[in-house]
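Since the structure comes first, as structure tokens, the remarks are kept for the end.
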Ligand code: SF4
Ligand SMILES: [Zn+2]
Ligand SMILES: [Zn+2]
């Protein structure tokens with residue numbers, strides 16, 4: 001089993017480092033968008049938007065829903 | 001009162017005859033101080049020729065991403081470096097999405113796929129999906145699957161799909177600047193076959209692709225010539241990685257001018273607020289549009305982006321005393 005840190009290393013919208021700089025534009029855009037990149041490993045996730053909510057799957061880190 | 005609004009009052013409100021291209025252009029060019037009067041007139045036209053009901057629809061993506069076409073606004077094209085990955089929705093989840101949509105009071109559920117046109121696998125998925133929805137959910141099913149063959153049109157009719165969406169996206173003269181992998185005429189041909197089949201035609205587009213105001217008027221006139229049952233009006237939401245990803249969003253007042261102008265071009269059509277209204281017009285814009293010619297909304301989320309909660313729109317309709325169109329009224 002891999003140890004998963006709780007820190008988000010990557011911006012889930014643009015996929016760039018989340019620790020180096022803040023991403024206010026991404027944070028604001030995310031109010032009307034689902035995440036696209038896994039915050040733990042930066043992989044592009046498989047995202048399904050539904051009329052209510054969304055799901056996003058990283059092959060390594062599993063599914064998140066919103 | 002500007003002359004064009006006087007003319008529209010007689011011709012459109014009085015006689016139900018839409019403005020032509022020159023008339024639409026005059027509305028699109030109205031100075032800001034006349035915008036409230038234009039919106040009021042468009043609202044009066046909608047109330048007179050369509051009534052107070054608002055048609056509520058939900059949409060879902062059956063097949064997301066990986067599209068071989070190059071529509072420059074689209075995050076689902078496989079030709080750009082967009083972060084959207086290819087994904088298929090399974091049938092139980094499709095039925096669940098239809099149930100969520102019906103629970104809002106919506107009468108329309110549109111199943112969308114990011115494809116040039118359907119292949120055998122997609123048509124099979126549609127047949128099973130539409131049957132499963134019809135068995136469990138009280139809602140009308142529409143579809144948007146790209147360009148169709150005559151056989152596919154007939155198959156969709158046979159499945160019980162009552163309306164088909166295929167957007168021209170923009171006017172004929174600007175289309176080659178936006179899409180190079182197929183032509184405006186190819187889209188028109190699908191629309192012609194859909195209309196001939198007896199399915200309702202849903203055809204609109206996106207404003208803010210870089211078209212001129214003249215080309216917006218051209219687009220309204222071309223839609224009016226097609227005379228669709230429904231016109232969904234989108235405003236560009238610039239998507240990262242697409243060729244139009246850095247374009248500015250449409251100014252709120254220009255978006256409202258367009259809503260009024262398109263209503264005055266097509267007094268009887270269902271004019272639907274589709275994507276981009278949240279970023280172009282904010283929360284207040286939804287109200288202004290519904291009081292300026294819009295008589296239909298997409299509630300909930302879109303295909304790859306999120307909308308405001310359905311409850312926010314439904315509460316607004318309630319406040320505006322605009323009843324949600326009932327299923328019995330559409331059957
Ligand atoms: S055909 Fe549809 S899904 Fe494909 S790129 Fe164009 S708009 Fe996007
Ligand atoms: Zn970011
Ligand atoms: Zn991951």
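Each residue, glycine too, has its Cβ placed from N, Cα and C.
Pulled from TrEMBL:
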DOMAIN    B:52-277  domain 'Radical SAM core'
BINDING   B:67, B:71, B:74  [4Fe-4S] cluster binding site
BINDING   B:110, B:202, B:272  [2Fe-2S] cluster binding site
Message = With Cβ-Cβ distance below 8 Å and at least 6 positions apart along the chain, what are the contacts of residue B:272 ([2Fe-2S] cluster binding site)? List them in sequence order.
response = B:55, B:57, B:204, B:230, B:231, B:232, B:233, B:294, B:295, B:296, B:297, B:298
Inquiry  = Please list, in sequence order, every residue of the chain apart from B:67, B:71, B:74 whose Cβ lies within 8 Å of the Cβ centroid of the [4Fe-4S] cluster site.
reply    = B:69, B:70, B:73, B:75, B:76, B:77, B:114, B:179
Request  = Express the predicted model's confidence over the domain 'Radical SAM core' (B:52-277) as a mean pLDDT, rounded to an integer.
outcome  = 97
Remark   = Listed in sequence order, the residues of the same chain lying six or more positions from residue B:67 ([4Fe-4S] cluster binding site) whose CB sits under 8 Å from its CB are B:74, B:76, B:77, B:78, B:114, B:115, B:116
Message = Can you give me the Cα-Cα distance between residue B:71 ([4Fe-4S] cluster binding site) and residue B:202 ([2Fe-2S] cluster binding site) in Å, rounded to a whole number?
response = 19
Note = Those binding-site residues among B:67, B:71, B:110, B:202, B:272 lining ligand 1, judged by a Cβ under 6 Å from any of its atoms, are B:67, B:71
Task = Would you mind pulling the DSSP three-state label for residue B:202 ([2Fe-2S] cluster binding site)?
result = strand
Message = Around the C-beta of residue B:110 ([2Fe-2S] cluster binding site), how many further C-beta atoms are within 10 angstroms, looking at every protein chain?
response = 23
Remark   = Within the same chain, the residues at least 6 apart in sequence whose Cβ is under 8 angstroms from that of residue B:202 ([2Fe-2S] cluster binding site) are B:110, B:142, B:144, B:163, B:164, B:165, B:166, B:228, B:229, B:230, B:231, B:232
Key: Non-site residues, in chain order, whose CB comes within 8 A of the mean position of the CB atoms of B:110, B:202, B:272 at [2Fe-2S] cluster   = B:57, B:59, B:108, B:142, B:144, B:163, B:165, B:204, B:230, B:232, B:270, B:274, B:296, B:298
